[in-house]
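Scroll down for the structure; my scribbles are underneath it.
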């Protein structure tokens, strides 16, 4: 529901940016964040919790396309890429901090209420600080408030550059108006009829769709699951390794800040995608090995646990051919694999999956598996996952947002940025909703 709200927020945010300005849209987004956090923290049941998630989603959608746009338009050209990348770093750094904050709140009474409620504080802080910041000078100039725009530009640029920047902005706006008519007569039909804008939008939307379809949010949403699929049994271990994943994502954003204005956008994208392909190849290979070479199920080990044998295993004609993976795929009821007490790679037991059985397995110093199987290649999956994040974050993580804040003519920038951000969130939803179903249908690798 949060992602669905973000789709609507990004779609409406593009129009609002052009109509009301970048600063006002960010203030509205902060207000929605704050209200959403308060509703969620005080929710008496699931229904109101979902309403709060929708409010937060609307704010996320608006902020996701407005923040890079505002930063881009209020930055000197030579450090614009680095500053928009900094926005990406603070998002990924914030994700990392939120993992740590949530870990801290796991021991507090009313755990999840604190987790969702504490998000209201940064929203309130940014709302207050945003009141002290100016509007985008380019938006002001576009709306005919030239003197106000010049005052802000003189604060941003060094004295010897400011007049040239004002002149460039003036020429850009005049050329657009001369070519297309009044700036207020803008709509999607006119946008699609303008060849240069149409081609820019194809590139901008394409970058945002592919950013999601290379699987980043599969990794961010399901990293604990992926770690367990690679053969790490403990939930706590999986969560701690997810914190490492979030930390690497933040580190990659720092790399982007350094290279984006030195290397150029296109070269960084190509390097990023090459690394992503190699990393996903490593992950696929590891998961293929894990599923095809999983430990066998032993009838002796299974009979050691009386009356809790997996029913499908008991009734199977070919039970001697069962391995851990076959056991985990049993579904009436769900079954789990209890490893050998001497070595997790030796044959183990196939048992009914529930908390009581899990505890019985652990009491005998065995490991309990319900998602992935024991493997000697599990550490390679962690390396693949780490490489994926390190390559994705500086290029595909940052560049699509930077490009969408730069490639459109000023008068189309809010609308086109909104369309591209909407495409991003729709793709995000498709990936998030299909990952677990695809894993069941065609396997993890």
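Start at 1 and count along the chain as shown; that gives each residue its number.
Backbone N, Cα and C atoms are what each Cβ position is placed from, and that goes for glycine too.
As the structure is a computational prediction, the values presented were derived from the model and not from experiment.
Residues annotated as domain 'Major facilitator superfamily (MFS) profile' in TrEMBL: 1-445.
Same-chain neighbours of the transmembrane segment (25-44): 9, 13, 16-17, 51-60, 62-63, 66-67, 70, 113-114, 116-120, 122-124, 126-127, 130-131, counting only residues six or more beyond its ends whose CB sits under 8 Å from a CB of the stretch. The transmembrane segment feature in TrEMBL is assigned to 25-44 (among others).
Sequence annotations record features per position, and here TrEMBL assigns transmembrane segment to 50-71 (among others).
Positions annotated as transmembrane segment by TrEMBL: 83-105 (among others). Away from its own ends, the transmembrane segment (83-105) comes close to residues 67-68, 71-72, 75, 111-112, 114-115, 118, 220, 239, 242-243, 246-247, 249-250, 252-254, 256-257, 260, 393, 397-398, 401-402, 405 of its chain (Cβ-Cβ under 8 Å, at least six residues beyond either end).
As annotated by TrEMBL, transmembrane segment applies to 111-133 (among others).
What TrEMBL records for 200-223 (among others) is transmembrane segment.
Annotation source TrEMBL lists transmembrane segment at 238-261 (among others).
The annotation transmembrane segment is assigned in TrEMBL to 268-287 (among others).
A Cβ distance under 8 Å defines the sequence-distant neighbours of the transmembrane segment (377-403), meaning residues of its chain 6+ beyond its ends; these are 68, 72, 80-81, 84-85, 87-88, 92, 203-204, 207-208, 210-211, 214, 216, 219, 223, 226-227, 229-232, 241, 244-245, 248-253, 255-256, 259-260, 265, 268-276, 278-280, 282-283, 286-287, 289-290, 420, 424. Annotation comment: TrEMBL describes 377-403 (among others) as transmembrane segment.
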Rounded mean pLDDT for the residues that make up the domain 'Major facilitator superfamily (MFS) profile' (1-445): 86
